[in-house]
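TrEMBL annotations:
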COMPBIAS  344-355  compositional bias 'Pro residues'
COMPBIAS  707-718  compositional bias 'Basic residues'
DOMAIN    16-50  domain 'LRRNT'
DOMAIN    293-341  domain 'LRRCT'
DOMAIN    363-397  domain 'LRRNT'
DOMAIN    644-690  domain 'LRRCT'
REGION    336-359  region 'Disordered'
REGION    691-730  region 'Disordered'
Amino acid sequence: GLLLLAAALGVTAAARCPAPCVCDNLRAHVLCLNGSLTAIPDTIPELTRKLDLRGNSFMVMPAGAFLATPYLTHLDLQRCKVERLEEGAFRGLGRLVYLNLASNGIALLSQESLDGLSSLQQLILEGNRIEEIQPGAFGHLGSLIVLDLRANALVYLPDMVFQGLQVLRWLRLSHNALHVLGNEAFAALPALRRLSLDHNELQALPGEALARLDGATRLDLGHNPITYVAEEALAMASLRHLFLDHAFLQDVAPDAFARSPQLRILDLRENQLQGLPPLAGAGGLVRVTLDGNPLLCSCLLRPFQKWLARARVQAEGACAAPPALRGRSLNSLRSPEMRCSHLQPPPSPTTPPEQPRAASSRQCPRRCVCSPDFHHGSCANRDLREIPRDFPEDTHLLDLRQNPFRIVPPDAFPGLKELVSLYLQRCSIRVLRPGALRGLESLVYLYLTNNHLSTLVAAAFEGAPQLAYLDLDHNAFTHVPAGSFRLLPNLISLHLQHNAIGELAEGDLAGARGLRWLYLAGNAIRHIAPASLAPTKMLEKLQLEGNHLSEVPTAALQGLPALSELKLSRNPIKHMGNSVFLPVASSLQHLYLDNMGLEQISPYAFTGLGPKIRSLYLESNKMSNIPDMRNFTGLEILNLQDVPFHCDCQLLPLHRWINKLNLRVGATCGSPAEAQGLKVKLSTTFQTCPGWGQGEAGETNPNKTKAASKPRKKKRSGKSPARGFSRSRA
């Protein structure tokens, strides 16, 4: 009925279709792709069911942004540079079943961020920079089936963080940095069937947290630095498939899986196992995969081999030693071949004893609110002059925002050994005294934004060795506080955006050897010393947009083998020389060079870059040509809007390449006069160029034979002709 009504009102709907969108009234679809929208258009037809806004620039999703389109069922907001979801941003979308927010810059999910989405079934938040999820954030999503949180910046999952997701079946947490899970983190997921925790930083099997998942049948824990699986470590009554591949396993206890009676498939590929004991507790096991382990097929492996035969378990793997048996499959071995020659079994790792949880004997401080269910304490905006004390000892999150503390004294948080998140934004803080965080041995997140800090001493962080996320945005730093991070071996993310930092000097980041994400946008940085980033060999993201750099800091990029994202947007870099990204060419995937006033790029500026590049932003610059990028075969995003290309014969290779890309790039001619304003891919000025007929014959002259066109393709793309030039889009 809704579709018929939309068709009946087609004329009205068409009249309201906002530029630069395309409206399909019959199917009630609206597409506004890869444009320059900074706000949700208020003229989208009310009866729209599917709204695709990919590739715009919204930054903030305000409250009530979609109140004018209450019939939406599908909403796509991928790659829209969204950094914040205000409370009530999606209110009124009670019919929405699919929401895609992938590849944005969202850092925090608060309690009301997703309010109003009572029918939502799929929520995709992959590829943001979510550092923290507040309990209650998903409390309004009672219909959600799939939650995708891959490739974010999560380190910790608090208790009951997924409360409200009563029908969730698949939770995807891969490619984060998780190393702490609350024992009750998964307690509110009764329908969960699949949990993906691969590619994280878990050092031990989180058995207590996983025991809450009675119905889960598949668990992915591969690519975590887990060294040992202890006795009865996994108690999951319905588990059938367990993946522990590509970890650091050295030993597995005989009854490690005794409390998972339904386990059928156990994947232990690419570990450090020299052998296994008989897994007598796993009575239902059908297959064990051990490929890629240094298996020692001596007499020590005989008990395991006999168990395999007795239990009729299929084993996949091959011997690494002794030399006489190297390469032999486990299934082909016979006991007499497995000899011992003075071999001693390696000692089994021992698991550290669990520390008893401290019972909470304190009351909540006056003028504050404490939630025992969520282990929260809050005294936000109470006009307090001193930091309150005597919070319950099991407090995990403490919110002290918007109080004029001015100073954080030594031992300011006594007894809070379990505190994970501390909020001190907008507290007029000028000084963090030495020992200010002493005793906060579980602290992971510290938010100090919008204060008056201009310096820090390393001793301020004494006693908080687990701190992983430090947010110092919007303070008064004129330089990076050198040496301040040497007591923070687990620091992963450092925010120093929107300060007044003038340079990055050698020694500034000393001690930050585990740093992965460094945010320095919105400062006044003019110079980056060649050795300034040397301590951060694990750095993956470097954001320098909105500074005063006049050249690419090539020398400083040396020694960063993991750097995958570099943002140089809004720096006054006018000229780009040869090989400026060569030091990070083997790892770089996302490169931001937009809004710089860039006038000239050397033909060899992108030397070394190629198939690994997934996104390249060059919009809003002043150059008239760009280097040959035909080997950028992995591109998913290319933005060339607002660049005044000179559409003459020198630009013909770019014209041909763009016509072969299955991407919207927005390239427009700025000159000559007869081509001004035309899309580069549509301009007719190239038709007078030498070789035009040869290059375009496959598209413009249908009378040419296929035999004539094939040699040209082979000649033009020497390495990978099919991948470099995909089908063109109209």
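Just so it is clear, glycine is given a Cβ too, placed from its N, Cα and C backbone atoms.
Sequence-distant contacts of the domain 'LRRNT' (363-397), counting only residues of its own chain at least 6 positions beyond either end whose CB sits under 8 Å from a CB of the stretch, comprise 134-136, 158-160, 182, 357, 403-406, 408-409, 412-421, 423.
When the domain 'LRRNT' (16-50) is classified with DSSP, helix, strand and coil residues number 1 helix, 7 strand, 27 coil. When DSSP labels each residue, the domain 'LRRCT' (644-690) comes out as 19 helix, 8 strand, 20 coil, counted as helix, strand and coil in that order.
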